[in-house]
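Q: So Swiss-Prot lists the following for this protein:
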type: ACT_SITE; residues: Ser105; note: active site, phosphoserine intermediate
type: BINDING; residues: Gly31, Leu32, Ser33, Gly34, Ala35, Gly36, Lys37, Ser38; note: ATP binding site
Amino acid sequence: MSNIVWHQHAVSKQSRSELKGQKPLVIWFTGLSGAGKSTLAGALEQALAVEGKHTYLLDGDNVRHGLCGDLGFDDAARQENIRRVGEVAKLMVDAGLIVLTAFISPFRAERELVRNLLGADEFVEVFVDAPLAVCEERDPKGLYKKARAGEIRNFTGIDSAYEAPKQPEIHLLNAGKPVAALVDELLTALRQGNYL
């Protein structure tokens, strides 16, 4: 790796940020499958688009169709999945974007890795907190049913651990509130934290 150097661009991250009129950052949604991460990230992206913000949503399922299509779901593969996503998110932040990510990202260490990669001022952890029973009841993809039947191994919340964030920047309880109300909570918290 000693022959590889980082190429400095003539247009800086700050210049890109100023051109877009926004502060680039990553809004990292984490929580169990079925907690509402993708739904909330998508709704927040729509709200930010209405405000003229330049965004991109990296969704766990979509990323596994390409960038991380070669990975499985054991602990090592999950960690590599999040490492890759973190690197892509960092490049997008450098481009001046507000990046929303929706990944179970079950391990604190992998989320901290991404936080450290970006820096504390460019990483907002959003814990979408829904009880396991609620997630199983929702089960939009039928994955909990398959995991309970033994058809899926290493499924977070069933036979693989989820390590809830200890101090997320934003903690959303999602056990029945309308999506619009949760997006309002998100926007308020992001503004109060000077992230937007």
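Each Cβ is built from the backbone N, Cα and C atoms, and glycine gets one as well.
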Q: Where does Ala35 (ATP binding site) sit in the DSSP three-state scheme?
A: coil
Q: Which has the fewest other Cβ atoms within 10 Å: Gly31, Gly34, the binding-site residues listed?
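A: Output over binding-site residues Gly31, Gly34: least Cβ neighbours within 10 Å is Gly34.
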Q: To test your reading of the ATP site: which residues beyond Gly31, Leu32, Ser33, Gly34, Ala35, Gly36, Lys37, Ser38, same chain only, put their Cβ within 8 Å of the Cβ centroid of those residues?
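A: Not counting the recorded site residues, we get Ala102, Ile104, Val128, Ala130, Cys135, Asn174.
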Q: Which entry in the list of binding-site residues, Leu32, Ser33, Ala35, Lys37, Ser38, has its Cβ near the fewest other Cβ atoms, using 10 Å as the limit?
A: Ser38
Q: Provide, as an integer number of angstrom, the distance between the C-alpha atoms of Ser105 (active site, phosphoserine intermediate) and Ala35 (ATP binding site).
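A: Computed Cα spacing between Ser105 (active site, phosphoserine intermediate) and Ala35 (ATP binding site) is 13 Å.
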Q: Residues with Cβ closer than 8 Å to the Cβ of Gly36 (ATP binding site), same chain and 6+ apart in sequence?
A: Val128, Ala130, Asn174, Val179, Leu182
